[in-house]
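**Q** Below, the features straight out of TrEMBL:
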type	residues	note
TRANSMEM	21-42	transmembrane segment
TRANSMEM	79-99	transmembrane segment
TRANSMEM	173-198	transmembrane segment
TRANSMEM	210-236	transmembrane segment
TRANSMEM	248-272	transmembrane segment
TRANSMEM	292-312	transmembrane segment
TRANSMEM	324-343	transmembrane segment
TRANSMEM	349-369	transmembrane segment
TRANSMEM	381-404	transmembrane segment
TRANSMEM	410-427	transmembrane segment
DOMAIN	464-520	domain 'CBS'
DOMAIN	524-580	domain 'CBS'
Amino acid sequence: MKIREKFIFIDKLSFFGKNHVFISFLIGIFVGIFAILFIYAINFINSFVLERFVLYIQPKPYGEGGESETYKFIFQKPYLLPMVVAAGGFIGGLLTYFFSPESRGIGTDAAIKAYHEGQSLSIKTSIIKLITSAITIGTGGTSGREGPIALIGGSIGSWMGKIFNLAEKQKRIFLAVGLGAGIAAIFKAPLAGALISGEVFFKRDFDIEAMLLSFIASVTAYTVACLVFGFQPIFSTQIPPYINIKDLFFYVGLGIVCAIVIRVYIFLFFYIKSKFDAFSIPSYIKPAIGGVITGAIGAFIPVAIGNGYGWIQLIIDGKLLDMSFITMGIAGVILGVSFTLGSGGSGGIFGPSVMIGGLTGAVYCLLWNRFINLNLHLPSFIVVGMVSLFGAAAKAPLSTLILIAEMTGGYSLLLPAMLSVFTAYYLSGDKTIFPSQVNTKFDSPAYRDEYGIYVLQKLKVKEYMKPAITVNPETPATEAFHLMKENFIGGLPVLSEGKVVGIITKEDIKSAKNLVQKKVGDIMTKKVITVTEEDTLAHCLEIMTNRGIGRLPVVKRSGVVVGIIARVDIGKAIRENLKES
């Protein structure tokens, strides 16, 4: 029986009440403000450290004030970069070690873990993550902004749940709402942010409740952030409002290439992370070591320095078409983010994944254009590469399709993106950049009780009851005790003329005096709670829980006993059906 396919969120609209709408609106405001502070912090550190000390001028995308036509590459002191990135890693490592250990590593994954395990993220987590990630990115570490703001948003959502004294389930939902709002504010994609809040926690499932409220928070956070930074999309893509049908084959090919890159990317990231995890040195030293290596990579491959969206903009605008430079950029970003975050540095893997996908799409398109002269549209393949690699690596294909429309301002790339994203998603298998993701809600500790009750509501007592071992009121109490002991059971129904008149338990026997002289009828409990064959296991469990009993006689409507149902039978039913589904 496919339980998951039949599951219905019965009360999802009742949750979508006025109070929760207001909380979502508040979350959006706070997340938008934190996003503004985060970007300002990154820009300040970048300006002070990279521009003034290392003398490196990083390109910027169109939506952040970048102008490809006027950009001039300046990188005068690359030899200082390893020291600078190491210093940033060390400072960030100290802050996370002493104040917020959960802020280490991948921001989005920390939020996913908290979601599934019912952990509460504090507002302190938001502040420390903002500072440490700004330091990591601002000093040149290969990291993204979206992951940190996802954790920051999740922390704000969790914090709001505490303030309003919400139930655990609602706190979990608002954590997801805050995560989506953070993505919406940083990437200027409110619809995709709302979808990500329901999709990113699972490899093959979706949390529709989180998405409903996340839409409000995402639009609010997006608006707050854009009031400061402008409403234009991050990238200027100039995508044509049409597609060539003959190009669809090449988008499928891009999905295949992205799947290969994903497997290499994820393998290297977690291999390097495992090596750092095995080092028996203080955790705040590890990001400094990773920073030295990342800085050395960035000194030779500047695409890998900090947030490299400006380089993508240069390629989209046709100002950077050196295939060897772009190919080295793919390797540089993969290695850079692996050493930055794999060593325990604070940041996010969302941005680098988008970068790797965009660079992969560029190389793929340039190869076809130069060697076979196909004249494929470069910006289109870059954008589709971005969403294909991230969507498949993060196991979030649906939200990335919406991201396409929000990035390009149109729908012409939806079909090519769908072909490429789902090809990459399928071929990448279970590989994911977020190790805390689970396959479905059935695999999440957060949904264990909810799904257990749902399963039990569908199962009848007659399917799992056992034949009852019974006694009558004249049976010696010692004989009843031996029956319980031999059959490893805690109680026996007492029958008279086939109908239940009582129940005797081990507790009844232990409390009796002069047991040898007693009969079952003398010490049995006469008020017996029974169930019928047609009752559900959920009903049985409710009775057992409320009454503190472990087994119930099963009777026909005439009162004749036909079996017995115990807690262990209900537990077995849950395990069997969850495994089947």
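Placed from the backbone N, Cα and C atoms, the Cβ positions cover glycine too.
Curation does not apply to TrEMBL; its annotations are automatic.
Where in this structure would I find these features, and how exposed are they?
**A** Beyond its flanks by at least six residues, the transmembrane segment (21-42) meets 126, 130-131, 133-134, 137-138, 145, 148-149, 152-153, 156-157, 160, 164, 174, 177-178, 181-182, 185-186, 213-214, 216-225, 228-229, 306-307 of its own chain at Cβ-Cβ distances under 8 Å.
Among residues of the same chain six or more beyond the transmembrane segment (79-99), those with a C-beta under 8 A of the stretch's C-beta atoms are 49-50, 53-54, 56, 124, 128, 131-133, 135-136, 138-141, 282-296, 298-299, 305, 340, 343-346.
Tertiary proximity for the transmembrane segment (210-236) is limited to same-chain residues at least six positions away from its ends with a CB under 8 Å from its CB atoms, namely 12, 15-16, 20-21, 23-25, 27-29, 31-33, 35-36, 39, 61-64, 153, 157, 173-174, 176-178, 180-191, 193-195, 197-198, 309, 312-313, 316-317, 383, 406-409.
Taking Cβ pairs closer than 8 Å, the transmembrane segment (248-272) reaches residues 330, 334-335, 337-339, 341-343, 349, 353, 356-357, 360-361, 364, 368, 374, 376, 381, 384-385, 388-389, 392-393, 415-417, 419-424, 426-428, 431-433, 435 in its own chain, all 6 or more past its ends.
Residues 85, 89, 105-106, 136, 141-143, 261, 264-265, 268-270, 272-273, 275-276, 286-287, 289-291, 293-294, 297-298, 300-301, 303-305, 308, 311, 315, 349, 352, 355-356, 359-360, 362-363, 366 of the same chain sit 6 or more residues outside the transmembrane segment (324-343) yet have a Cβ under 8 Å from a Cβ within it.
Within the chain carrying the transmembrane segment (381-404), a Cβ under 8 angstroms from the stretch's Cβ atoms is held by residues 108, 187, 189, 191-193, 195-196, 199-200, 202-204, 206, 235, 237, 239, 250-251, 254-255, 258-259, 261-262, 265-266, 312, 315-316, 350, 353-362, 364-365, 413-414, 416-418, 420-425, 427-428, 431-434, 437, all 6 or more beyond its ends.
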**Q** Is it possible to list how many residues within the domain 'CBS' (464-520) are helical, extended or coil according to DSSP?
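**A** With helix first, then strand, then coil, the domain 'CBS' (464-520) has 21 helix, 17 strand, 19 coil.
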**Q** When you scan the chain for residues with a C-beta under 8 Å from the transmembrane segment (410-427), skipping those not six or more beyond its ends, what do you find?
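**A** Counting only partners 6 or more residues beyond its ends, the transmembrane segment (410-427) has Cβ contacts under 8 Å with 239-243, 247-248, 251-252, 254-256, 258-260, 262, 380, 383-385, 387-389, 391-392, 395, 397, 400-401, 404.
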**Q** Quick test of the contact rule: Cβ under 8 Å, at least six residues beyond the ends. What residues does that give for the transmembrane segment (349-369)?
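**A** The answer is 106, 108-109, 142-147, 150, 183, 250, 253-254, 257-258, 261, 265, 269, 303, 307-309, 311-312, 315, 321, 323, 326-327, 329-330, 333-334, 336-337, 341, 375-378, 381-390, 393-394, 433-434.
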**Q** Mean pLDDT over the domain 'CBS' (464-520): what is the value?
**A** 87
